[in-house]
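Written out below as structure tokens is the structure these notes cover.
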């Protein structure tokens, strides 16, 4: 699979650059950019992974937690620069429901076709439940509820304040997991074993070079990509909301999604859940508030205020995920439920 | 108890027929029809049960899952035919909160008076939690949220799409329970034992005859019943909503309710929970979407859009039930809480 | 610490009385009254505790459950008398989120700094989860939802009806805990041991005298305190909502809060959780409905209808608490999450 991503990049990057200079039609550029970013995201993921292993669990965990959603962060920054606040909020929504319902659902379903019951660390699942409720249900609902009765200036202050609190809690969660409570909530020797067997794929220097090169390429392509949204939406009769919720979210996470499903197929469910829910928490507690703070540097401020359908969709995804994962046991049917929920939600946003 | 139901039918059916020809006053007919249907529903339940045992667990489970709420389905179809969409949605609401809060509550309460702690299959409870969240919280909330911003045509398409997904998931759940994972989540040998001891009450032919006869009778009486709603509501100062939520829901499920409580009294809580929550899921994931699709054949389309109070009442009932049953352990106080919630909800709909 | 509270009273009570006669400025009186009430509340708590031990577990539990939030009850009655309905509802909201998030959060955080993992009775936690959902999510949401479509007279009847049901369920919960199921859900011998070691601090007569004296003093000071709210809110640019949610709630519970945190520091988490969640339930299921019924005696009726932000804040606090405590295991990070949620909520109410 890595070979496919390599080919995507070798062809995609130069062609995208040429296309942007020659002003090729937006639909072509949209497809080209999306595909190339999928390839680049996969390389960034592998580079981060290698660096993380070299750096040891604490710093490595921090690296993974910071660069794990770098692609989404970069695309979003260029979208904010272009004033597309609603697309960014929609793509955050899309990433969250995509990770929980699509990745989680596909993983549980595919893994469940091979194994009757798959188990994962139940402490982790419950720890995550608390954080999901905090990040998505509490922190995202608040600004909306209070903003209804606040002036714009106060709503802005509230968004900034909540964003700062969320980032602090995100860092505290890393500190908890990597320093004060590392290994405390391990469930079995079996899991610990897996941890030791990893070797970095690339050397530190190679990884840093790849990471730097891919980041620049993603940045360049993202800037072009965000300008294709409006014409593409018009051509296909899509809303910008649909592009944000479904397309951008899938493009930014495709490589990661593939590896979550692969892990489920190998019955390493703790890793699968770590990717699906861990990535959700990273988007909700780190990428989203960081974008709010970064948007202060741009002409258009992005408040932490989602639309009501976005918010409800995220909250429902959280409750469904908690209800499904709470027993630390999955099967194909639980995967099917998550996928069905994703399908319904996607259909709703498509019609909107 | 079966003798009482038999008497109800022997007297009720002919008298209802005579009454409908002679145009007896609606209040009398309303009471007569309700009582007769309670009796007929009990016979349909026993016939289905007998057929299910003869047919073996897989086909039998399917039979139970399809005919288990046949009475409600029939009454609802005639109500849709009469254009009483709101009454049908109200009766779905009523069946769901009735099964979860009234049946669950009475069972836990009555059982709890005899036994200090009653236990049931915790895997089943958690499996059900995921499905309740999916069926009621996710699938029912979506159409309402999105419909607020959709045109009528799109809202109709969304209702149809969601209904199809729900029925597929319902069939998948049966496939999961009866085929791929039968017996996988059994908790103890004790439970397995109970499964074997059942003998069909009636032969297959007798059961089919009873089922056919009772179905025709229920259909005939339902058609008359739905036309009494409006005058009865006016006479008593009730709303049609109250008739749907409380009266129709209780009438359609009375026999089933009785057996759930009886099972709780015999400390067979897994069966009790199966009836209360299983019946809820059947209404939510099968009867409701099927009615949406069937309504396409009638002049008035029934969208899957509940009123806000109905929706909130159902969601609260689901969360309360999950919180109460999640530990696989019940007692009289937990039953009292469910009953109190039902009382409050009923009072609200009465005043509305 | 008891000495500090004693000094607060010895100085505070006479000075408050003098101040109220001399019409000192409201801000000074507000601070003076608050501080004095904190001291008095601590003495009332100790007196109730002593009486409860003398009276034995059943009657003692009833005493604790009735007088545990006597201070809030008294302040609230005088606030209702002064027509400050919104402040009372806000202070109920504040007590609930204060107990769940601030007290729970501080306790788990402080205890977690000393112990890696702290455990408490998991049955108790789950029992409480059901009651929290019933009391706050079900009973508080209903009046709001239905009142939107009801006339004022019907809304009043609904509030009264729900209040009566809540008090009955509260008494049933006491009966369950103290009579029918005392000791049934104990987790370990260790917990039982702790129960026996308590000796009353004061004799019954001394306790009754202290309780009577402190109650009168709290009453007198509360009457003055509630009249300072308006001028103080104006001076500081606070809303009356903020005073109710944050200030009154903290003042009424300060002593109790201190002992919850102390217990966490001693690793007696079952007691900590009992105080934090038990006190929440007492406010929600006993104090709030009792105030609704008592308000019938005053010119302004207080319906059980919270504002939307208040209601959402309480519901979120309940869900977060359940997600955190559901596994019967806490650590400093879980405390930090609760505190962060409290901070965000307080900030929102401050801006409102």
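Using the three backbone atoms N, Cα and C, a Cβ is placed for every residue, glycine included.
The feature domain 'Sodium/calcium exchanger membrane region' is assigned by TrEMBL to C:27-178, C:207-345. If you look up TrEMBL, you'll see C:27-44, C:51-78, C:84-110, C:131-151, C:157-176, C:204-221, C:241-263, C:275-298, C:304-325, C:332-351 marked as transmembrane segment.
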Counting only residues at least 6 beyond its ends, the same-chain positions whose CB falls under 8 A of a CB in the transmembrane segment (C:275-298) are 65-66, 68-69, 72-73, 76-77, 80-81, 85, 88, 92, 95-96, 99-100, 103-104, 107, 125, 128, 131-132, 135-136, 139-140, 159-160, 162-164, 166-167, 169-170, 173, 253, 256, 259-260, 263, 304, 321, 325
Counting Cβ pairs closer than 8 Å to the transmembrane segment (C:204-221), the top stretch among C:51-78, C:84-110, C:157-176, C:304-325, C:332-351 is C:51-78
Annotated stretches the transmembrane segment (C:131-151) and the transmembrane segment (C:51-78) touching (3 or more Cβ pairs under 8 Å) | no
Secondary structure content of the domain 'Sodium/calcium exchanger membrane region' (C:207-345), with strand meaning DSSP E or B | 117 helix, 2 strand, 20 coil
Tertiary contacts of the transmembrane segment (C:241-263), defined by C-beta under 8 angstroms and 6+ residue spacing from its ends, are 1, 5, 34, 37-38, 41-42, 45, 68-69, 71-72, 75, 86-91, 93-95, 97-99, 102-103, 106-107, 110-111, 229, 232-233, 269, 271-272, 275-276, 279, 310, 346, 349-350, 352
